[in-house]
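Okay, structure first, notes after.
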Amino acid sequence: MPTETTAKIIDGKAFSAKVREGVAKDVASLKEKHGITPGLAVVIVGEDPASQVYVRNKVKQTGETGMNSFHFEMPDTTSQEELLAKVNELNEDPAVNGILVQLPLPKQIDEASVINAIAPEKDVDGFHVINSGLLATGGDAMVPCTPLGCLLMLQDTLGDMSGKKAIVVGRSNIVGKPMAQLLLDANCTVTIAHSRTKDLAAEVAQADIVVAAVGRPEMVKGDWIKEGATVIDVGINRIDAPERGEGKTRLVGDVEFETAAARAGAITPVPGGVGPMTIACLLKNTVTATCRQNNIDPDTL
Ligand SMILES: Nc1nc(=O)c2c([nH]1)NC[C@@H]1CN(c3ccc(C(=O)N[C@@H](CCC(=O)O)C(=O)O)cc3)C=[N+]21
């Protein structure tokens with residue numbers, strides 16, 4: 001029997017366009033009132049073809065908001081010292097308000113050393129230990145872009161989340177852990193599930209909010225989802241799609257979409273869900289960083 005989509009599809013593409021509009025307004029106002037043009041520097045080491053779309057979108061959208069975009073490509077033979085020297089140079093450059101070093105890095109480079117070399121106030125990814133520490137203790141952190149994008153979509157869909165049961169599937173430093181923190185701050189009762197979780201299906205079935213961030217195609221099954229739950233699918237997995245012709249591929253999330261959409265109250269699609277929101281939040285974080293560096297209250301923009 002074919003399943004039927006009953007869930008509201010959360011349109012991350014449309015929502016991210018709204019977020020970027022807000023960013024563009026703030027950028028214009030920073031220029032007019034303060035004579036400041038925010039600058040975002042992106043450093044890419046090596047060539048990962050999968051990230052080319054992402055990088056192109058990022059550069060295009062940064063420009064569209066009126067910000068300055070600085071782009072650095074370094075060969076995959078780059079040493080840790082060379083990358084640290086680039087990071088230091090950007091730390092000291094007053095035209096650069098935000099720095100993103102694209103991950104993963106080649107194996108000769110220690111990621112933590114590089115991330116923690118970024119000036120915390122320019123760390124628009126929110127990966128620096130100072131920022132994760134601030135997030136964990138209720139301070140003014142730079143919040144990682146993907147979890148921030150998920151939170152904005154959840155707030156837009158649900159409003160007050162107080163008392164809701166949330167499950168985060170995945171415990172990465174980049175998504176799972178900060179996401180759990182944000183849900184906790186929103187007064188949810190939070191479970192973090194992972195590869196050693198005993199009965200994942202039973203855990204997911206309890207949740208009003210499911211955030212899937214494991215990076216395994218369709219591993220969260222639709223029939224685990226509680227009726228009416230809100231499902232945020234962080235996964236972007238490219239899989240073979242022989243039904244579309246030889247050598248064809250398609251993108252799927254970490255959630256089995258069709259079956260989950262038949263049970264959920266609302267769900268994000270892949271593509272067009274979390275991905276575009278991640279980029280929009282990177283731009284938003286760059287404005288936040290610019291304001292903090294210049295002691296400007298963003299509410300006055
Ligand atoms: N320091 C760092 N920060 C990151 O945030 C970071 C990173 N490194 N390394 C790579 C990953 C990947 N990532 C994506 C963001 C948006 C889309 C995105 O917008 N995807 C679209 C289009 C997908 C497609 O068509 O290929 C979508 O989901 O609709 C994809 C991937 C950020 N990353």
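Including glycine, each Cβ sits where the backbone N, Cα and C put it.
Note: TrEMBL annotation is automatic and uncurated.
Feature annotation from TrEMBL assigns domain 'Tetrahydrofolate dehydrogenase/cyclohydrolase catalytic' to 10-125.
Taken from TrEMBL, the feature domain 'Tetrahydrofolate dehydrogenase/cyclohydrolase NAD(P)-binding' covers 144-293.
Counted within 10 Å of its Cβ, the other Cβ atoms near G170 (NADP(+) binding site) come to 24, all protein chains included. The feature NADP(+) binding site is assigned by TrEMBL to G170, R171, S172, I236.
In the predicted model, residues of the domain 'Tetrahydrofolate dehydrogenase/cyclohydrolase catalytic' (10-125) average a pLDDT of 95. Under DSSP, the residues of the domain 'Tetrahydrofolate dehydrogenase/cyclohydrolase NAD(P)-binding' (144-293) split into helix, strand and coil as follows: 61 helix, 30 strand, 59 coil. The maximal spread of the NADP(+) binding site, taken as the longest Cα to Cα distance among G170, R171, S172, I236, is 16 Å. A simple way to gauge crowding: the CB of I236 (NADP(+) binding site) has 19 other CB atoms within 10 angstroms, across all the protein chains here. A sphere of 10 angstroms centred on the C-beta of S172 (NADP(+) binding site) encloses 17 other C-beta atoms. Shown in sequence order, K177, I192, H194 are the residues of the chain, 6+ apart in sequence, with a C-beta less than 8 angstroms from the C-beta of R171 (NADP(+) binding site).
The residues of the domain 'Tetrahydrofolate dehydrogenase/cyclohydrolase catalytic' (10-125), classed with DSSP into helix (H, G, I), strand (E, B) and coil, number 60 helix, 19 strand, 37 coil.
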